[in-house]
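Listed in TrEMBL:
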type	residues	note
ACT_SITE	Lys35	active site, proton acceptor
MOD_RES	Lys35	N6-(pyridoxal phosphate)lysine
BINDING	Arg130, Met301	substrate binding site
DOMAIN	232-356	domain 'Alanine racemase C-terminal'
ACT_SITE	Tyr253	active site, proton acceptor
Amino acid sequence: MPRPVRADISLAALRHNLTLIRQQAGQAKIWSVVKANAYGHGIDNVLPGLQQSDGFALLDFSEAIRLRERGWNGPILLLEGFFEQADLRLIDRYQLTTAVHSFWQLAAIADARLRQPVNIYLKVNSGMNRLGFAPDRLHAAWLEASACPHIGDITLMSHFASADSDTGVAAPMALIRSLPPEMGLPHCLANSAATLWHPATHADWVRPGIVLYGASPSGRWQDIAATGLRPVMRLSSQIIAVQSLQAGDRVGYGGRFRAAGAQRIGIVACGYADGYPRHAPGGTPVLVDGVRTGIVGTVSMDMLAVDLSPCPAAGIGSMVELWGPALPVDDVAQAAGTLGYELLSALAPRVPVVTG
Ligand SMILES: *Cc1c(COP(=O)(O)O)cnc(C)c1O
């Protein structure tokens, strides 16, 4: 028997989430964001569940090429653009759409030898101060792009820093509305949070990522619990040993947990080298045979311990859900001081993934 840790990917949940997002997005087309190996789910695994996407957005050329090799002939968007002029050969060969956020990229495209014009997403910095032309330089960038024979369709792109919080999108939207109207560009602005919570941002294309996988853009499951979005990944394992502790006994590296009285704990074959967060404190939720309990002690590389007090019938071989449909990854992430995004995308390569 292989080590019992595994990740199950539900294609039905993916399809369901995409359908739900499409209803939410109205007329806008959907770039399904599959960067970071589809947020840890595996690009190859999710492709069958996301066939109804209008396009796929990602960062790595290797992932773009994989999609082409898997038969995806529709649009692919490079969210971070390209990194040096030589990259344009791949953009041309695989017909990729690329973000353009700097003048050097426009110059590189103008200089390149391409078989066909490249479609670009001209990115404006609307306040996040990560990528994008300053708003007062955008018009100049657009003039240069529209005069360039190597450039085909131009779409205006921006990214929101706070669409998931009370700060919202008012300031960046005001900035975008104040851009010179004669550019007349289609717009692509919304990430998951804006797609869900700010319909005025939907425009021509939306770029949802995390919601496709059934986790919350805000990091709080309650914020999406009523939407009907379904978790796509279930990380599970089994109890491979049981320890009966006496008062004062300690558990794990550093002995950080100390039993107050007699207590059974289960040792689960899952640790931080599987992608479980090492910083998860005692009490981080976990399901044993469907019963909610908490972890105890420090998470090790290959194992963690769980309190079996709420589930006295549990023992060796009991099923453990680390996160999944019955335990939102957001709840685990919150306990560990991070986001579902980080836990999902950190799923380790050694964990076997099963699609169904
Ligand atoms: C990652 C990313 C997205 C998707 O973000 P979610 O919060 O997962 O929806 C959208 N646009 C850009 C530019 C991104 O980098």
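Heads up, the Cβ atoms here are built off N, Cα and C, so glycines get one too.
Remember, TrEMBL labels are computer predictions, not curated facts.
The structure displayed is predicted, hence computed values, not measured ones.
Overlay of TrEMBL feature records on the structure.
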residue : record                       : DSSP (3 states)
Lys35   : active site, proton acceptor : helix
Arg130  : substrate binding site       : coil
Tyr253  : active site, proton acceptor : helix
Met301  : substrate binding site       : coil
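Around Arg130 (substrate binding site), the same-chain residues at least 6 positions away in sequence with a Cβ under 8 Å from its Cβ are His159. Each of the recorded positions Lys35, Met301 was scored by the number of other CB atoms within 10 Å of its CB, and the largest score is that of Lys35.
Comparing Tyr253 (active site, proton acceptor) with Met301 (substrate binding site), their Cα atoms are 10 Å apart once rounded. A Cα-Cα distance of 26 Å separates Lys35 (active site, proton acceptor) from Met301 (substrate binding site). The 10 Å shell around the Cβ of Tyr253 (active site, proton acceptor) contains 11 further Cβ atoms across the protein chains shown.
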